[in-house]
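Novice: Before I ask anything, here is the structure I am working with.
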Amino acid sequence: MAKTPKVKGNSKPSTHSRAARRAASPSVDLDKSLISLPRPETPQIPSTHVNSGITKKKSKSKPKTRAQRLRQEKGLERAEIVMDQLEKKVNKSLERGRSINRRKVDWEDLNRKSNRFTAALEVENDGQEEQDNAMEDDNDVRIEKFTRQTVFSAATAGPVAEQPAGLDEDEEIT
């Protein structure tokens, strides 16, 4: 097991520690004169001077060589081509979004129409249920008559033969 170090008797917290920062906070017993003083205001810097720091002097530009000029023109042409491609892609994407929204509207209309249709069917079905219940009662009577006739006809028929004639169990089938 590792040994634990001895506890130091009189150690002060680090100046950067949380405890040191809390101890450095002003106490509640402030001078009332400090409260009445106006707060210091930061001077406003005009926006034109915000970026006016130390800058490197630009040397007078030499005319570009033919190769440099061609390279720059080629880069500008590529940039135009890429921008055109990007514009085409953006337009294509926007068109796809529009078509999706149109299909969505079509589905919403279809759903509304089908909801209206189902509501109309439900109203009709309420009236039909009463008629169906009356029809079911008639069908039950008809079914009972039919089952009575089939049972009676089965009872009057001759007995069923248990084994077909002409088969001997002793004969082997090859």
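Quick reminder: no glycine exception, Cβ is built from N, Cα and C everywhere.
According to TrEMBL, the record shows the following:
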REGION    1-76  region 'Disordered'
COMPBIAS  44-54  compositional bias 'Polar residues'
COMPBIAS  55-69  compositional bias 'Basic residues'
REGION    152-174  region 'Disordered'
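Help me understand the surroundings of these features in the structure.
Specialist: Within its own chain, the compositional bias 'Basic residues' (55-69) is flanked in space by no residue lying at least six positions past its ends with a Cβ under 8 Å from the stretch.
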Novice: Go ahead and report the DSSP secondary structure tallies for the compositional bias 'Basic residues' (55-69): helix first, then strand, then coil.
Specialist: 4 helix, 0 strand, 11 coil
